[in-house]
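> Below is a structure I'd like to ask you about.
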């Protein structure tokens, strides 16, 4: 029996981080040089990053639920892995919430510009 790492199987750790990195780079570049195409690209990237974050929270919540329901039958190694996996998923949920708190206002600010 294995603890299910649903978020790893979906690749969220990678494509979630990649979307946030791309939107961050576009935000910095468009702040230095404000062209119409860069501002549109920045708006699209920040909007996509926000959507990816919402999907990521759903994926991570499913992962957290599955880990919580997994029965280790008092095996020490399994219990340790389960608690580490649960801690990692909680940290990822917190970081994903921070991603929403950054990308959503940037999208709204960029839309107004």
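Cβ coordinates come from backbone N, Cα and C, glycine included.
Unlike curated records, TrEMBL annotations are generated automatically.
Annotation comment: TrEMBL describes 12-31, 43-65, 77-102 as transmembrane segment.
Situate these features within the shown structure.
Within the chain carrying the transmembrane segment (12-31), a Cβ under 8 angstroms from the stretch's Cβ atoms is held by residues 38-39, 41-42, 45-46, 48-49, 52-53, 55-56, 59-60, 92, 96, 99, 103, 106, 110, all 6 or more beyond its ends.
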> So if I exclude everything within five residues of the ends of the transmembrane segment (77-102), which remaining residues of that chain have a CB under 8 angstroms from its CBs? That is, six or more out.
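Residues 1, 3, 5, 7, 12-13, 16, 20, 49-50, 53-54, 56-57, 60-61, 63-64, 67-68, 70.
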